[in-house]
Ligand code: ATP
Ligand code: MG
């Protein structure tokens, strides 16, 4: 029997079970065994076809969330815009979604075309159509090892091009985050954005203003903590999206080439850390992006009569508050950002007890890294950065020798009580 054109048999594609995590396979098998259709979809299939290691596995099925939940004890239903089931296997989470319809009268749309709620189940064909890019709408069926391709995703993958399903402008209006996803996926995977998919982006960039700041924080993480931050920053600039995410940063770039090279150095450094499996805190790059805006505002406050320290600390709060209107920064990260910044004032003051409190500060390492990166584009900071590089690795005696004034004061103070005894 001849298969329909959109079904590609196992010998004509490169997806194989050995590339799929055991947990994802377990979920697929169990859903199949219970009589449901179940497919691996999205980034998982796309990345395997590109010869990459998927970062996570998404599954889609005709079982409802309640039916899925009933099959897996280790699962929970989560629901924001659309109900999903998370199945937990230790630290790995497999996300299972029910086929979703796209253009249904039940979809609530705002006047400008943005989808507000679309909790409507559909067929696999409908599910494919409501996905964003053709290469994200490939389905792997573990029952017969075939790949279902309803939107010509395989052709686009071969051409290494990112193409929106349907009319790009309409799809960006429905969900403006798709513009960020286009730029992110093209950068991450080294794909060209197809002409019609690319064209509306800079024109519609302003629609990102409607997106909740919390969602944009999640997108920020995906864009900058996936190992291609430097290219990402450049792509966002090119497509006019950076000004919608970090407006204060964007505004100052042209006038401050040293700020731009500081950002570049930080991004390069972050990418290297990720490549060698070092941890990266999402706060660090935000602290970098907002550094010049912080200084500018501090300077303005100073001219209004505030002391330098006062102006700097006031500016920290104002700069973070302003940025949070665009990308919300969870408290645990804004605290880190404040610490990194505050230490920039303390690091140059190398005398007295302050040196030890700076060195023992929980954020010393991040603050020091920040200083070193600043020094790369500001030669006047090199001496201080080098001093700290040497100081932190020196033994106690060497450290004391690096603090001549401090030592004299300490000796005096210590001797007094001893003499009294
Ligand atoms: P990665 O996980 O590597 O960042 P991904 O494409 O898997 O990339 P997810 O956020 O995991 O991204 O989404 C899984 C799939 O869900 C996508 O491949 C796509 O088919 C669909 N999808 C995600 N976000 C959207 C969106 N905003 N509009 C339409 N479809 C989307
Ligand atoms: Mg994914």
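Glycine too: its Cβ is placed from the backbone N, Cα and C atoms.
The feature region 'Disordered', as given by TrEMBL for the ranges 374-397, 398-421, sits at 398-421. Cα to Cα, residue 58 (active site) and residue 132 (active site) are separated by 15 Å. Most Cβ neighbours within 10 Å among the active-site residues 58, 132: this distinction goes to 132.
Applying DSSP to the domain 'tRNA nucleotidyltransferase/poly(A) polymerase RNA and SrmB- binding' (190-251) sorts its residues as follows: 47 helix, 2 strand, 13 coil. In sequence order, 43, 44, 93, 95 are the residues near residue 56 (active site), counting only same-chain partners six or more apart with C-beta under 8 A.
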